[in-house]
6 protein chains.
Amino acid sequence: MPYVTVKMLDGRTEEQKKALVEKVTEAVSETTGAPKEKVVVFIEEMTKNHYGVAGKRLSDQ
Amino acid sequence: MPYVTVKMLDGRTEEQKKALVEKVTEAVSETTGAPKEKVVVFIEEMTKNHYGVAGKRLSDQ
Amino acid sequence: MPYVTVKMLDGRTEEQKKALVEKVTEAVSETTGAPKEKVVVFIEEMTKNHYGVAGKRLSDQ
Amino acid sequence: MPYVTVKMLDGRTEEQKKALVEKVTEAVSETTGAPKEKVVVFIEEMTKNHYGVAGKRLSDQ
Amino acid sequence: MPYVTVKMLDGRTEEQKKALVEKVTEAVSETTGAPKEKVVVFIEEMTKNHYGVAGKRLSDQ
Amino acid sequence: MPYVTVKMLDGRTEEQKKALVEKVTEAVSETTGAPKEKVVVFIEEMTKNHYGVAGKRLSDQ
């Protein structure tokens with residue numbers, strides 16, 4: 001606790017995801033007062049054909 | 001905003017998913033008053049071995 | 001199945017939410033081929049102090 | 001209703017997942033009073049590079 | 001890990017929710033092999049006007 | 001995009017939540033390369049009787 005879910009398009013490198021988990025954990029810990037050890041981060045990736053804005057999927061643009 | 005997530009079994013075609021995003025966006029926009037440009041749709045697919053009703057997975061029926 | 005979650009700011013009327021569930025169900029049924037009886041819709045409301053874009057909460061703008 | 005989501009690392013066998021759905025459904029039905037037929041279970045698997053605790057992904061440990 | 005979310009209509013007593021968390025944790029631990037100490041359970045309650053099946057909210061039936 | 005959900009116990013002040021949204025947005029933008037304008041943050045609060053670890057709710061400890 002806290003539990004953080006980051007949902008984004010696939011395509012980021014492992015280095016980016018590693019840094020994402022590290023930096024988001026720090027940001028959450030500093031602002032909420034929760035110890036870093038208690039912060040959990042989940043990454044959820046989606047593909048362009050499963051994500052739409054304004055009625056149009058990214059894969060159709 | 002609004003953010004719509006549609007969770008369903010995999011197997012739909014790309015044409016079906018394209019229409020799904022388009023029609024759901026229209027339905028949400030018309031009924032909530034949010035402009036179409038602001039409506040976001042996520043599709044999440046699941047497999048039959050990860051979905052159970054009444055204690056039984058679809059893949060076990 | 002399918003399961004649809006609509007996440008949006010609070011403030012819509014009961015009439016709007018009623019129509020939202022009805023119209024989204026129709027849109028999902030028509031485009032996915034799932035019978036209307038199988039479509040489930042969840043509404044999740046959020047407040048302006050729990051929603052941020054570009055680093056700023058709506059309640060702070 | 002109720003709808004149960006179990007999020008866990010991948011790697012469990014089909015036998016384990018089958019038992020998971022069965023036993024969780026029983027536990028939910030017995031304690032909430034909902035009939036077993038109404039209990040829905042979703043399994044969501046994640047990989048070690050998409051799950052971090054204390055700022056570090058499992059794949060980096 | 002695992003993380004379990006139980007989404008259901010409000011109205012259950014505290015005793016029921018307490019038993020729900022206890023029994024679901026046992027069911028998940030026994031079937032997945034995860035130690036009980038690692039199992040996390042979230043309860044999410046919804047109201048009848050935010051839940052619809054077959055295009056109709058429970059509050060409208 | 002990306003969409004970030006932070007789930008935590010209630011009790012944080014508005015100042016803490018404001019800072020949380022700001023700092024998490026910066027962390028996500030810097031590490032994923034997404035422009036800050038595209039980062040969306042949702043805060044979800046839970047109560048101690050709806051959150052359990054090791055089979056026991058926080059409200060029962």
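Keep in mind that glycine also has a Cβ here, set from the backbone N, Cα and C atoms.
Keep in mind that this is a model prediction, so the values were computed, not measured.
Annotated in TrEMBL:
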type     : residues : note
ACT_SITE : D:P2     : active site, proton acceptor
DOMAIN   : D:2-60   : domain '4-oxalocrotonate tautomerase-like'
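Looking just at the domain '4-oxalocrotonate tautomerase-like' (D:2-60), the mean pLDDT is 98. Helix, strand and coil counts under DSSP for the domain '4-oxalocrotonate tautomerase-like' (D:2-60) come to 28 helix, 19 strand, 12 coil.
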